[in-house]
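Visitor: As annotated in Swiss-Prot:
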BINDING   LYS59, VAL72, GLU85, SER86  glutathione binding site
DOMAIN    22-101  domain 'GST N-terminal'
DOMAIN    106-225  domain 'GST C-terminal'
MOD_RES   SER2  N-acetylserine
MOD_RES   LYS57  N6-acetyllysine
MOD_RES   LYS143  N6-acetyllysine
MOD_RES   LYS148  N6-acetyllysine
MOD_RES   LYS152  N6-acetyllysine
Amino acid sequence: MSGGSARSLGKGSAPPGPVPEGLIRVYSMRFCPFAQRTLLVLNAKGIRHQVININLKNKPEWFFQKNPSGLVPVLENSQGQLIYESAITCEYLDEAYPGKKLLPDDPYEKACQKMVFELSSKVPPLLIRFIRRENEADCSGLKEELRKEFSKLEEVLTKKKTTYFGGSSLSMIDYLIWPWFERLEALELNECIDHTPKLKLWMAAMMKDPAVSALHIEPRDLRAFNDLYLQNSPEACDYGL
């Protein structure tokens, strides 16, 4: 990997050149949980890649040619093909590159992973609402909603009787939902999983994974980024560099 800790490109910057042969490029942002999904899969599969960080508070004009919505992650290969939307980029990488397969071949097992992904889909917007809350009075209601969503995921693990959501070994679904759980400590929301022992064991197991530990972001850095981002600071995306 190259460029993971490089400063982000913003408005007025020159677009990067063609992607070198043998590499795939990911347009990312160091603190973005959606881009982290893609980076986790790249790392887990050992895919040689180049990271170009984008300043999401001051986006380059040329970036909208990579993704009309102006969001990360975006993949670009040496043929100039572009793939965006985090879950789609992850599935593409698993299908297009050799090595460890993260999605099961069995249609039912693959469908089960997609159902868990849908089941977890309320967690990201709840955490975003929590980060953007205007007063502490909103906290208790949001925490209760999170507890309910985590209870649903706890039930999945209870029924499967496995450590991971896809079975006895780590797979795609675990990487897709992990970035949001990594942020619980920074947001002081660990209390929301006090009633979910299997979910806590899953989190402990995830922390031991090489790809997860390689991309771990310290809670204090996440908090500092969140503070700057909420202030609309153009320096938010480059915090700590």
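Residue 1 is the first one shown; counting continues down the chain.
Any Cβ shown, glycine's included, is placed from N, Cα and C.
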Visitor: Just report the maximum Cα pair distance in Å for the recorded glutathione binders LYS59, VAL72, GLU85, SER86, no decimals.
Guide: 18
Visitor: Give me the Cα-Cα distance between LYS59 (glutathione binding site) and LYS143 (N6-acetyllysine), rounded to a whole Å.
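Guide: Rounded to a whole number, the Cα-Cα distance is 33 Å.
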Visitor: Could you check which of the recorded positions VAL72, SER86, LYS152 is the closest Cα neighbour of LYS57 (N6-acetyllysine)?
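Guide: The answer is VAL72.
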Visitor: Going along the chain, which residues six or more apart from VAL72 (glutathione binding site) have their CB under 8 A from its CB?
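Guide: Those within reach of VAL72 (glutathione binding site), by Cβ under 8 Å and sequence separation of 6 or more, are TYR27, SER28, MET29, CYS32, PHE34, ALA35, ILE54, LEU56.
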Visitor: Could you pull the average pLDDT for the domain 'GST N-terminal' (22-101)?
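Guide: PLDDT averaged over the stretch: 98.
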Visitor: Run through the domain 'GST N-terminal' (22-101) and tell me, per DSSP, how many residues are helix, strand and coil.
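Guide: Residue counts for the domain 'GST N-terminal' (22-101) by secondary structure: 28 helix, 17 strand, 35 coil.
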Visitor: Among the recorded positions LYS59, LYS148, whose Cβ has the fewest other Cβ atoms within 10 Å?
Guide: LYS148
Visitor: Could you count the residues of the domain 'GST C-terminal' (106-225) that DSSP puts in helix, in strand and in coil?
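Guide: In the domain 'GST C-terminal' (106-225), the DSSP-based counts are 85 helix, 2 strand, 33 coil.
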Visitor: Do me a favour and check the Cα-Cα span between SER86 (glutathione binding site) and LYS152 (N6-acetyllysine); whole Å is fine.
Guide: 23
Visitor: Enumerate same-chain residues with a sequence separation of six or more from LYS143 (N6-acetyllysine) and a Cβ-Cβ distance below 8 A; give 'none' if the list is empty.
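Guide: Set apart from LYS143 (N6-acetyllysine) by at least 6 residues yet with Cβ under 8 Å, we have PHE130, LEU189, GLU191, CYS192.
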Visitor: Among all the protein chains here, how many other CB atoms are within 10 A of the CB of LYS57 (N6-acetyllysine)?
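Guide: The answer is 19 other Cβ atoms.
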Visitor: In Å, rounded, how far does the Cα of GLU85 (glutathione binding site) sit from the Cα of LYS152 (N6-acetyllysine)?
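Guide: For GLU85 (glutathione binding site) versus LYS152 (N6-acetyllysine), the Cα atoms are 25 Å apart.
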Visitor: Under a criterion of Cβ-Cβ distance under 8 Å and sequence separation of at least 6, what residues of the same chain contact LYS152 (N6-acetyllysine)?
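Guide: Spatial neighbours, sequence-distant, of LYS152 (N6-acetyllysine): LEU119.
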